[in-house]
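So that you can see what the record holds, here are the features copied from TrEMBL:
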- A:25-47: transmembrane segment (TRANSMEM)
- A:59-78: transmembrane segment (TRANSMEM)
- A:84-105: transmembrane segment (TRANSMEM)
- A:112-130: transmembrane segment (TRANSMEM)
- A:136-157: transmembrane segment (TRANSMEM)
- A:215-234: transmembrane segment (TRANSMEM)
- A:264-290: transmembrane segment (TRANSMEM)
- A:302-325: transmembrane segment (TRANSMEM)
- A:337-356: transmembrane segment (TRANSMEM)
- A:361-379: transmembrane segment (TRANSMEM)
- A:391-410: transmembrane segment (TRANSMEM)
Amino acid sequence: MTAPTTATDVNQPSLEHAPPAGRRMSWPVLCLVIAGALALTSLVRLITGADGITNVSQMSTALQLAVPIGLAGLGGLWAERAGVVNIGLEGMMILGTWFGAWAGFQWGPWTGVLVGLIGGALGGLLHAIVTVTFNVNHIVSGVAINILALGATRYLAPLAFEGRSGGSAKQSPAVDSLGHFTVPGLSDGLSDLNDKGWFFVSDVAGLLGGLVTNVSWLTLIAVALVPATWWILWRTAFGLRLRSCGENPIAAESLGVNVYKYKYLAVIISGALAGLGGVFLSIVANPFYLEGQTSGRGYIGLAAMIFGNWMPGGLAIGAGLFGYTDSLNLRGGSANVHALLLLGALLLVIGAIWLAVRKKYVNAVITLVVGALVFAWYAGTNEVPNQVVSATPYVITLVVLALSAQRLRMPKADGMPYRKGQGK
Amino acid sequence: MKKFDKERVLLAVAGPVIALAVAFVLSAIVLIASGKNPVEPFALMFEQAGFSDIQVLIVNQASMYYIAALAVAIGFRMNLFNIGVDGQYQLAAMMAAVVGAHANLPAALQVPLLLLTAVFTGAFWSGIAGVLKVTRGVSEVVATIMLNAIATSLIVYMWKPDVFGVKVGNNNTTGEMHESGWIPGIDMGAAGEIYGLVILAVLLGIGYWIVLNRTRFGFDLRASGASESAAAASGVSPKRMVLTAMLLSGAIAGLAGLPILLGDTHTYSLNFPTGIGFLGIGIALLGRNSPVGIAFAALLWAWLDKASPELDFHGYDKEIAVIMQGLIVLSVVVSYEAVREWGLRRQQRRVGAELAAGHVLGANNTTKEVAGR
Amino acid sequence: MCVINASSSPPAGAAVHGQATAVELAGITKRFPGVVANHDIHLTVRKGTVHALVGENGAGKSTLMKILYGMQKPDEGTIAIHGEKVSFSSPADAIVRGIGMVHQHFMLADNLTVLENVVLGSEKLYGIGAKARRKIKELSERYGLGVRPDVLVEELGVAARQRVEILKVLYRGATTLILDEPTAVLVPQEVDALFDNLRELKAEGLSVIFISHKLGEVLSVADEITVIRRGTTVGTAVPAETTPRQLAELMVGSELPTPETAESTVTDRPVIAVDKLRLAAPGGKALLDDISFTIHEGEVLGIAGVEGNGQTELVDALIGLRHADSGVIRLADQEITSWATRKRREQGIGYIPEDRHRHGLLLEAPLWENRILGHVTERPNAKGVWLDPKGAQEDTRRIVTEYDVRTPGIDVTAASLSGGNQQKLIVGREMSHKPRFLIAAHPTRGVDVGAQAAIWDHIREARREGLAVLLISADLDELIGLSDTLRVIYDGKLVADADPATITPEELGTAMTGAAEGHLEHEETPETPADASTSAESPEDEAR
């Protein structure tokens, strides 16, 4: 079966069959899976004694690191739902970090947020012009924008920051904090519960505690953007039109939808969201801009979007997962990552059993062997080299993509060149 | 068809010329906006290019850019985006350095060994992304970028003294390679030495052209890049072609760091040039995936690289060169696409006109074309 | 023979024959680079009628309708709706004026529900929630369309999608409907159902413009017919007073070519034998269900069937793009079931793909590279591992001459050629390698009449020399005319066979919808003067 490659192809009567049923996991099943994962993690914690894997501060950091990834992923989602692949998220994020810090240290953090958002949006506008008006291949354009954003910030940073107190050619002066909030009673209560170290309950308490302790206002905004995205895209006329541009732009055009306009809007919003993610990095996660700060989070955000099957809810879960692995890297990871080797081995064994049940024996055996190797690694060592920890987020991203890429359904006309009037 | 040939040359040239002009203008605007003279930096850099020692530096740097860009270009011809050339060439250089430091064969064997090590390492690293794409449908863009990051961690790990590392002062190195693996350069007197492996770059370029345009495999590759469905119907196995292209791209990428490794540094250390793979992407785009175009683009990039440090001594920021590179890439992709579309439309019109006028190859009946399609 | 008025246009807005004019196009001209698509077209549609616009492939009908629907602007000429002159700059303007277009290629987004597809672009009319849902159900019931709002479009079959398209148009308050080749994907019985729907619309005072090149259908449902040829109107006619033959001659201007063949060239040497081929979709549904047939040297096996009943899968399995789950394919005495595509093509299987743009050509490559496509390992394209561009170029020139491919040169890109010439190039390319077995999937789809005749000639000639052909087509006349053996595929099974010398398209159609099986016997029906047979010239006319 050959996939459509141009927007006109998408238009033919589709005689292909739908992807295997069950691509949408129902809520009860999803909750069960998450609960199961938590239980397993809790078990591992008890066995290994690595309390760091589910304590409140770990979860808090995980949430914090999930935000830029999630925002980048949301950016990717908005663009791809309108049919434009946005690899330039990383560059737009970089613009966000720079502009956010630049405005932030001079005029206050909230101004920084606004300006950072605009900076990202400008990157989005550029991508929109290049891909929608000039019909350049989306990925090529995204890569070009990443190169340009890197160059531009490298050029502007010394001009703006060198000579100011706390600033240098690669770093901006510090930006004031946006402010945090902590839910008083709940936070303490959950923290105590977490300290108790009880199976499962304490871990859940840790998870929830992380969500209500020392949370930045920007985090709250970011989290709110997830259901907001869902509501706008699936419950409003604007969202319907935008999504139609990503599913069948020729059909949309035939009904009077201005496809160019919606693609432009979607990509600009996409850039703004990525920029917001960057702002988060340079104002909340660190209080300054640092060259190389984004370290690939724009791409991880894309992976979260793919993991989430181009839906905001799934994306949030993916971002949470990646944020967690990122936080491991940040917070004295070695012992924790070592403990998680055990978790990984257990998951692989469970996976092998599940594959065997579904009669995929070859895959089951392979999974079992890998699981055994991971377990051997766990058992044979006491700690894990730092470099493994630093590579963990990326390895996990690859693994997640490899496992989930098959059962997905991306917007049908995603990435396809579109020209008005090309329909039959 | 002489008419079409002249037009094709014009079209081929128009793209880059327009792009470079636009990029220069935009960079000038950036300079003006930063309160600097827009023309002087370029004049300074042009002047630099006249010095023979700078020229040697340019040629040496360009050779590495060239190889990296070829690797990217092979991917592009197949509609694959091997963004991982950066990680591939660095990992390959390190492995070659390690092997060169531990194995001590006679030169006739050592050099091929080192080359093969680099080739296999590069191919292996990009092959991971290729396998993931072919078996699990993972986008090679995201996969190769992730692999770049993982490669960085891997390299840091291998620099540890208890693995392969040898500390020289504060510098992490892999120890000095045995002399049998050193490749002599071409002596240019006071100007310096041109890396011996520049010849490798040239050979690779020739090989690239021959394989792509004169072999059956090359035809299959180009067809797959142009239309995967048509290529599949013509007998190409899409999955095998994707994997082969990724492996080939990685193999060539692996060679990108060797000119400087075997010709100059003889060790893989913190001083080893980084970012060549990333720049290779821009060069491949500017060079339009053609070996000659990439050569010009590589020289241009190397010139920007090697002539810009001088700017710091005259009150300019050398980073203007980085912005220039970014602007060139962006202008290039836009102008190429615009020129290509214009060229296609123009050809369709001309063919229509020619047919209407009766200029049909070898035909002798005069019934007119039916209107429309 | 009367009432064929040649291009006379009554004054704008005037009632014609006592009825108000719904739509009037006067003097429409539209040029594209290198081609004049429409030239001085006149079309008058009376309110409450079904007006057919007929012309062969490439005559300019689609362009004209795009102009009426606002997707293109005319270079010259005027459009008047209900007597008022209008100018459209986008489909939105046309929709406001009550024009609704049901496209030949459906404009539906698979991943959206029917409701979402219907309300898209007109969300202000009834919102996107409950109110819209009610309206859709109401319209569906009123016109008998049977449409469910919350189903994903991708789950609908072709006829159901067409009804969604019609509902889309009615939802927006269309009073003039344009149907572009609506029966192209329907079987004769479904066509009748559609025509009943159209009569209901007519009864409610709506006007319908019906574009088609199938004269028989047109005669059975239209009140008035306008004929277009080579971009301009050549006349109008009233069905009751015209015969298919007269219409056909107006359309083409000359004798219609017939695909029929005279003597039999079928031998008893089998070339391709398929035995119990099975292919199942991931969900378990059988796409190919125990398909078995044999084609001999010099035989054309035609397979009739509605799109989506397994033809594509069968072709994919034969050419090697897909591998069947079980069953055997034999080429002469070799079993080729597991062979890769390349090996099959090298060993003498030629392939004229259904979708030449996707499977047959590299659009942006020059013609001589396209000549290589599919045969890159064979001479004259290659010598060993090396390509032989000179050899390929010379041979391309030969093909261009022999197969009458109209092009100024061989360096031109394939995209610059018209559909018919592209197809001739493909046929020439495949025949040049002397295939033993040719898979011809819709070989004359979207091809002008001249090229169509040429392609039929080439197939017939190769047949005489012993070629075995599998012919899959939606053009029942082509099938009946070219085939030696005729089978019908339905739901992945070969359900019926027929004798092409005597069978009629309706009888075939019955089997194509699964309503008949086994050997189809032709039943002689007494001739009536206005016998609306669905072919311009059916073979039986000649035989009698």
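The backbone N, Cα and C atoms fix where each Cβ goes, and this holds for glycine too.
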For the transmembrane segment (A:136-157), distant same-chain residues with Cβ under 8 A (at least six beyond the ends): 84-92, 94-95, 97-98, 102, 123, 126-127, 130, 169-172, 289, 291, 298, 415, 417
Folded-back contacts onto the transmembrane segment (A:337-356), same chain, C-beta under 8 angstroms, at least six residues removed: 40-41, 43-45, 47-48, 50, 52-53, 328, 363-365, 367-368, 370-372, 374-375, 377-378, 381-384, 388-389, 392
Top partner of the transmembrane segment (A:302-325) among A:59-78, A:361-379, A:391-410 - counted as Cβ pairs under 8 Å: A:59-78
Chain residues in Cβ proximity to the transmembrane segment (A:59-78) (below 8 Å; excluding those fewer than six residues from its ends, i.e. six or more beyond): 86, 89-90, 92-93, 120, 124, 206-207, 209-211, 213-216, 218-219, 222-223, 225-226, 229, 233, 242, 266-267, 269-274, 276-278, 280-281, 284-285, 294, 297-298, 300-305, 308, 310-312, 315-316, 318-320, 322-324, 326-327, 330-331
Long-range Cβ neighbours of the transmembrane segment (A:84-105) (under 8 Å; 6 or more residues past either end): 68, 72, 75-76, 111-120, 122-124, 127-128, 131-132, 138-139, 141-150, 152-153, 156-157, 160-161, 164, 172-176, 246, 263, 266-267, 270-271, 274-279, 281-283, 288-290, 293-294, 296-299, 301-302, 414-415
